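Q: Quick one: structure below, then a few questions.
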């Protein structure tokens with residue numbers, strides 16, 4: 001382990017930050033850089049670049065990850081008008097990549113967008129908010145998966161939840177599931193946009209768990225053939241109506257957002273101190 005990168009103490013069961021660790025399965029992880037600024041446009045979806053500070057000394061959430069780039073581009077490409085009026089929360093935000101891109105481009109007229117992650121990421125989220133002069137549009141909060149939601153979240157009742165690269169450590173799956181249930185219980189029309197990169201066989205088990213609790217759909221996107229070749233997946237999660245039952249394997253859930261691939265309307269229908277495993 002390089003001397004400049006130290007494991008961050010955490011109450012979670014997550015293993016310490018190890019930039020050379022490779023999972024049992026397969027996929028190499030991005031090369032970690034200790035710190036620095038990057039200009040990001042989500043492939044031209046932003047009218048002016050997002051200044052994004054990366055710093056993995058707080059954990060791997062402090063760096064950009066492929067799923068964040070895919071989710072940010074998707075939200076800006078298909079939903080920018082609707083997002084301006086939405087009550088938005090980013091879960092497991094890291095440095096706030098996706099949420100700050102949305103706040104920068106879409107204005108977020110109703111309430112400040114909430115960036116949430118563990119305590120170790122709080123200063124980085126706040127730094128990136130200040131770096132882009134977005135104090136009036138975004139707020140950083142600590143949200144520990146599996147624990148009661150912060151009062152600010154309960155009061156906001158978000159109707160759009162964005163989550164990128166939140167599937168990285170199997171023991172955290174039940175905690176993430178509980179937080180998603182708590183968030184969707186606040187607003188029956190809420191939708192979670194959820195993107196992750198499959199790096200381990202266990203990662204897809206989370207989606208199987210989610211299908212037992214929520215209405216889950218794989219989201220259309222014109223770039224899907226490209227990012228799926230990189231083992232990236234994009235899903236929506238919603239509360240299941242009383243008429244819906246869990247799908248058998250291989251069957252899709254009801255309520256997909258069919259307009260998405262054509263740029264259609266946004267659908268109506270916390271970290272527990274766990275670091276992304278590097």
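Every residue gets a Cβ built from N, Cα and C, even glycine.
All TrEMBL annotations are machine predictions without curation.
Taken from TrEMBL, the feature region 'Disordered' applies to 1-23, 243-278. The compositional bias 'Pro residues' annotation in TrEMBL covers 8-18. Positions annotated as S-adenosyl-L-methionine binding site by TrEMBL: 65, 92, 93, 94, 117, 145, 164.
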Q: Looking only at 92, 94, the binding-site residues on record, which one has the least crowded Cβ, with the fewest other Cβ atoms within 10 Å?
A: 92
Q: How many angstrom lie between the most widely spaced Cα atoms of the S-adenosyl-L-methionine binders 65, 92, 93, 94, 117, 145, 164?
A: 20
Q: Look up residue 145 (S-adenosyl-L-methionine binding site) in the DSSP assignment and report helix, strand or coil.
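A: The residue in question, residue 145 (S-adenosyl-L-methionine binding site), is coil (DSSP, three-state).
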Q: Could you tell me which three-state DSSP class residue 93 (S-adenosyl-L-methionine binding site) falls into?
A: coil
Q: Same chain only, sequence gap of 6 or more: which residues have a CB within under 8 Å of the CB of residue 164 (S-adenosyl-L-methionine binding site)?
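A: Non-local contacts for residue 164 (S-adenosyl-L-methionine binding site): 65, 67, 68, 70, 71, 72, 92, 97, 98, 194, 195, 196.
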Q: Out of 65, 93, 145, which has the highest number of nearby Cβ atoms, where nearby means within 10 Å of its Cβ, if these are the binding-site residues?
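A: Selected residue: 93.
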